[in-house]
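Below: one structure, written as structure tokens.
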Amino acid sequence: MNQQTRRTMIALAIVAVLGAGLATSIFKPWHAGEAQAVPGPAAPATVDVAAALGKTITEWDEFSGRLEAVDRVEIRARVGGTIDAVHFREGALVKKGDPLFTIDPRPYAAEVARAEAALAAAQVRAGHAQTELARAQRLVQDNAVSRREFDERDNGSREAIANVRAAQASLDVARLNLTYTRITAPVSGRVSRAEITVGNLVAAGAGTPVLTTVVSVSPVYASFELDEQTYLRYTADKASGASGGEGGQSKLPVFLGLANDEDYPREGHIQSLDNRLDTKSGTIRVRAVFDNPDGRLLPGLYARIKLGGGSPHPVVLINDRAIGTDQGKKFVLVLDGANKLAYREVTLGPSYEGLRVIRQGLKADEKIVVNGLQRVRPGITVAPKPVDMAFKRELDQRGESADRKQAATEKATDKAADAKPVT
């Protein structure tokens, strides 16, 4: 090896040593920082946990229906003619017998006068025929007239009397038609608008246009559909005497609320059940009746119906915020002895005093997560914070606050991710 080669190798060795030292000085702090950045085990999430309530209740079922008038009458003309007057204000309350329309009565008054004259003429002829018959009776006894002539006078008298009756009937019809020119309300209630106004010509008959409609105000019907299982449950309670014994269906308490009512302020009773089950829908038509003293219940309005009165039975009650939805299924997260969450599918019932009835899937006193289902998942361990299931309002407020906090955190995270430069 010559002198030049030796110098080259020494220079390369020095460069390698310096490069290794520089690399150590550069990368050592980064590796140290990486070692320090490794996190420890995450702390269990804190969640509100409450025990499912067990209670014996008389369960209420909720339905949707429509209001119907007890009486609804379409007003049509019973005689033809020209409308002379409209006597009501559209939408006003009317009493039975109040005038609604007047049809020109003059032709019918003239017909009454003609019928009266015809009756008078028939009565005169009948009187003359009876006089002739009485004379013939005396003469036939003296053989002054033949028996045939007597029979003719007797038949003439009978015919004259029949003509009087016919004339009287014609007069009755004429007078009746005259009364029909004054159209009155057949029932008490609220009148609609006048479909045909003054000056228009109307005809008589069932196929003619409707002049107006009148619907009764109080009471009103509320019709709704009862499913088969609920119907069987109520009829079983009735058979056992739980709903009032004989005639119990009419004693079932029924409550009604309109679309803008928070509760069910009106109480009524079952008026009738249909005589068959609709096989297409699997329901039976039910009609309840309610008093309507203030007139707010109008036919056609949407009605919320609450029906109760079944036998008391034990149920499980939880807060609605504890219920999650998974592809159409309802579930809760149940806490076991090791504070681990388990998925549990449940079947829901109606609401009761602000809580939800659970028909299947949960037992009383089992602990479940009542807030923040979106922050936890089945299988993880949590730090439970006991709360009272019955404090629904506080749970709702706490849950809404947690939801807002969670949404704000997610929004801030997304914003930071969008602002981070791409390297």
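Note: Cβ is positioned from N, Cα and C throughout, glycine not excepted.
Nobody curates TrEMBL annotations by hand; they come from automatic prediction.
The following features are taken from TrEMBL:
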- 72-213: domain 'Multidrug resistance protein MdtA-like barrel-sandwich hybrid' (DOMAIN)
- 113-181: domain 'Multidrug resistance protein MdtA-like alpha-helical hairpin' (DOMAIN)
- 219-307: domain 'Multidrug resistance protein MdtA-like beta-barrel' (DOMAIN)
- 315-375: domain 'Multidrug resistance protein MdtA-like C-terminal permuted SH3' (DOMAIN)
- 395-423: region 'Disordered' (REGION)
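In the predicted model, the domain 'Multidrug resistance protein MdtA-like C-terminal permuted SH3' (315-375) shows an average pLDDT of 89. Note on the domain 'Multidrug resistance protein MdtA-like beta-barrel' (219-307): DSSP counts are 16 helix, 36 strand, 37 coil. Helix, strand and coil content of the domain 'Multidrug resistance protein MdtA-like C-terminal permuted SH3' (315-375), in residues and according to DSSP, is 6 helix, 36 strand, 19 coil. When DSSP labels each residue, the domain 'Multidrug resistance protein MdtA-like alpha-helical hairpin' (113-181) comes out as 63 helix, 0 strand, 6 coil, counted as helix, strand and coil in that order.
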